[in-house]
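A.B. asks: Have a look at the structure that comes next, please.
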Amino acid sequence: MKGCSSYLMYSFGGLLSLWILLVSSTNQCTVRYNVADCSHLKLTHIPDDLPSNITVLNLTHNQLRRLPPTNFTRYSQLAILDAGFNSISKLEPELCQILPLLKVLNLQHNELSQISDQTFVFCTNLTELDLMSNSIHKIKSNPFKNQKNLIKLDLSHNGLSSTKLGTGVQLENLQELLLAKNKILALRSEELEFLGNSSLRKLDLSSNPLKEFSPGCFQTIGKLFALLLNNAQLNPHLTEKLCWELSNTSIQNLSLANNQLLATSESTFSGLKWTNLTQLDLSYNNLHDVGNGSFSYLPSLRYLSLEYNNIQRLSPRSFYGLSNLRYLSLKRAFTKQSVSLASHPNIDDFSFQWLKYLEYLNMDDNNIPSTKSNTFTGLVSLKYLSLSKTFTSLQTLTNETFVSLAHSPLLTLNLTKNHISKIANGTFSWLGQLRILDLGLNEIEQKLSGQEWRGLRNIFEIYLSYNKYLQLSTSSFALVPSLQRLMLRRVALKNVDISPSPFRPLRNLTILDLSNNNIANINEDLLEGLENLEILDFQHNNLARLWKRANPGGPVNFLKGLSHLHILNLESNGLDEIPVGVFKNLFELKSINLGLNNLNKLEPFIFDDQTSLRSLNLQKNLITSVEKDVFGPPFQNLNSLDMRFNPFDCTCESISWFVNWINQTHTNISELSTHYLCNTPHHYYGFPLKLFDTSSCKDSAPFELLFIISTSMLLVFILVVLLIHIEGWRISFYWNVSVHRILGFKEIDTQAEQFEYTAYIIHAHKDRDWVWEHFSPMEEQDQSLKFCLEERDFEAGVLGLEAIVNSIKRSRKIIFVITHHLLKDPLCRRFKVHHAVQQAIEQNLDSIILIFLQNIPDYKLNHALCLRRGMFKSHCILNWPVQKERINAFHHKLQVALGSRNSAH
């Protein structure tokens, strides 16, 4: 016994140790949706306890030196294996043999130095192979010959001196070949012959010290759509040579960023004449001279980036030939400002005249003095123009500033950060289709008469935030009734309290920002007519006096009529009162921000109409009490609540309801444990609100409600019981009558046997008068009923006992008329009852009906007749009623019993 116990303890200890080992090993990796993440775990070997059905395994940033094929036998379903950022120096060919479904293999940032013919011989299903940042200096033989499905191959940041990756045509499905940051000096046709049947979407040779492009080097590639040669330090001569080598190829995208291409001429891109080049990136080249006709051979170009250059001048023929250009970026493309005015960049009139299909023009962050009368002439398709921080001398916008855009269908104009101080009347009269006008972050200080916006008949948004000073008038926005968004944040706004309101014409306005203006005086009709307003930002003003009861004329309800308001921000307004009815009829409010005010006691029912509220912010106020009368309605559908940093009074009267709500709600309450603290009473100071014990709170309201509900339920129950006791039989009678009038009395009997009598009646001799008196009329009323009565239906000349047996067999049912006489009748007790029961037992049928004319206890019934009420279904047990009015109900129940099916037990 002792040995057995020791063995069990040893086994249990071993299993426990194994379980701990498995859990600790598995728990290091995160497994989710067949993806195992084992990165950053300092692993030195492949985990062997992961689920066998994983399809993705991440082993990056560990200390692996090898990928032993046998360790992957368990994971034969792997499709993606990422082993980057390890110390792997050799890859065994059998790895892909073990992983036949492998499609993506990432080995970047390892220590691979050479690749043999056998390395990837079994990796026939690979679509992506990443060998970036290894120590591969030379590719020998044909290591990628079997990779017929490979789409992307990354060999960037190695030590390769040649583009030759094999002999003979291979990699037929390759689309991306990345060879950036190697030591390739020349592109030779014989070294690119292996790509003879490839259609390269992208060939990246960036950051290589290229010095030579041999004749036909790109012609040997099947198809080449995109070539990246960024940071290759190509001089103008090499660039021109490159373009000639790309002639008659499929090239569409050419990136030559950061190549110190100081100047371009008509011959620079002439070799691209016989291509369909659509994208050209010349950014970061310190380009200072764009010669006339530089792009004349690029009629298919749609995207041109000249960002971050040092262009001194654009002439009328600088963009000649770009008849299909859609996107042009000149962000920070011009010479930066210096002391000498002569060094300012110059854009001649009609410089953009050839760009008739240009839709997007970005000229941000330049130092152009200002616009001229024909600066943008010819841009007849321009829709987006960004001029942020573009001009140095555009302090005043006049009706001549944008005259060159008169024929442009401009939709968006960005003029931020240009030191604009004044907008003259009719400045934008040329821009009838403009939708968005951004004048923010300037130095505008003026009174808005409304004529500034003349001609903006389709304007959707005007952004004027972060300017110096704006004074409104009643007609400030009278000419832009289509306006839907108006931003006036931090503009030292004046004259807001005039009547009629400056915003009255803006019937379509949905967003209005008046924040950070120190507004103290407004009228009740400030927002009159803005029925479509959805967002109102009024934070960081000084509205405290306007909502005080002591305010002359009473509180100012400037929110009335905003029936579609969704978001209201009144943060930091010094509010210490909220008048009753100020939020009335604002049924669609989803978010209210009243944070950083001085609110303390809130009136009951002020939020009653805010049952759709999703977010409520009351942080950093002086709220001590959170009561149901105030916060019950808005808390119903709340998703987010912020009441941090309030001095809560932790008493039953003040916060018991709030604490109960907190402990039951799913609403997001950030920093509940740390920033919802009790302030009073003293012994609760600093105590977390959610830990306040409400069990001792004696709130009578719930008990009153419980008393009312329980009392009502008890009264209803008593009434129902009395009704059933007094009139239950009548209810049952009418119910049964209704049911059987619809469905009929007889149930479907599946037995094929036919009976001559509906029922054989067993009764005592002394009860024969009662039987004849009540069963005979039933036969007369219902012709389908026929009872077997001894005095009438026994065959003449047949012995009595034999007649009884025959009659019972020919009857569908057997009725017992039970009285004290029956219990004493010797014939019934000895023969009739026993034979009837025996037949019922033999046939296994519910064919017996008991009619009690007298109240006979069950034990007497059992003793005399060997019967009990529990042997029969309830509808087969009938009691003769004392009251005459219940006789009809009795007859109905008897008909139901007679019509019931003789179902087997």
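Cβ coordinates come from backbone N, Cα and C, glycine included.
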A.B. asks: Which of the listed residues, Asn425, Asn736, has Swiss-Prot annotated as N-linked glycosylation site?
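C.D. replies: Matching Asn425, Asn736 against Swiss-Prot annotations yields Asn425.
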A.B. asks: Which residue in the list Cys652, Cys678 does Swiss-Prot annotate as forming a disulfide bond with Cys697?
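C.D. replies: Answer per the record: Cys652.
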A.B. asks: Please work out, from what Swiss-Prot records, which of Cys4, Cys29 forms the disulfide with Cys38.
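C.D. replies: Out of the candidates Cys4, Cys29, the one Swiss-Prot links to Cys38 is Cys29.
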A.B. asks: Could you tell me which of Cys650, Cys788 is bonded to Cys678 by a disulfide, according to Swiss-Prot?
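C.D. replies: Disulfide partner per Swiss-Prot record: Cys650.
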A.B. asks: Could you identify, going by Swiss-Prot, the member of Cys96, Cys217 that forms a disulphide bond with Cys123?
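C.D. replies: According to the record, the bonded cysteine is Cys96.
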A.B. asks: Taking the Cβ of Cys38 (disulfide bond) as centre, how many other Cβ atoms lie within 10 Å?
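C.D. replies: Excluding its own Cβ, Cys38 (disulfide bond) sees 22 Cβ atoms within 10 Å.
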A.B. asks: For the repeat 'LRR 13' (381-401), could you work out the same-chain residues 6 or more beyond its ends whose Cβ comes under 8 Å from its Cβ atoms?
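C.D. replies: Distant Cβ neighbours of the repeat 'LRR 13' (381-401) are 337, 344, 356-371, 373, 408-427, 429-430, 438, 443.
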A.B. asks: At a 10 Å cut-off from the C-beta of Cys96 (disulfide bond), count the other C-beta atoms across all protein chains.
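C.D. replies: Its Cβ shell of radius 10 Å holds 24 other Cβ atoms.
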A.B. asks: Say you check the Cα of Tyr859 (phosphotyrosine) against those of the disulfide-bonded residues Cys96, Cys650, Cys697; which is nearest?
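C.D. replies: Comparing Cα positions, the closest of these disulfide-bonded residues turns out to be Cys697.
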A.B. asks: The repeat 'LRR 19' (532-553): which same-chain residues, six or more beyond its ends, come within Cβ distance under 8 Å?
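C.D. replies: Same-chain contacts beyond the ends: 489, 507-522, 559, 562, 564-579, 582, 593, 598.
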A.B. asks: Closest of the disulfide-bonded residues to Cys38 (disulfide bond), Cα to Cα, picking from Cys650, Cys652, Cys678?
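C.D. replies: Answer for the nearest of the disulfide-bonded residues: Cys678.
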A.B. asks: Where DSSP helix means H, G or I and strand means E or B, what are the helix, strand and coil counts for the repeat 'LRR 12' (357-378)?
C.D. replies: 0 helix, 4 strand, 18 coil
A.B. asks: So for Cys652 (disulfide bond), how many other CB atoms are inside 10 Å of its CB?
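C.D. replies: Here the count is 15.
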A.B. asks: Can you name the far-off residues of the same chain, 6+ from the ends of the repeat 'LRR 9' (276-297), with a Cβ under 8 Å from a Cβ of it?
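C.D. replies: Distal contacts: 226, 230, 250-266, 268-270, 303-315, 317-322, 329, 335.
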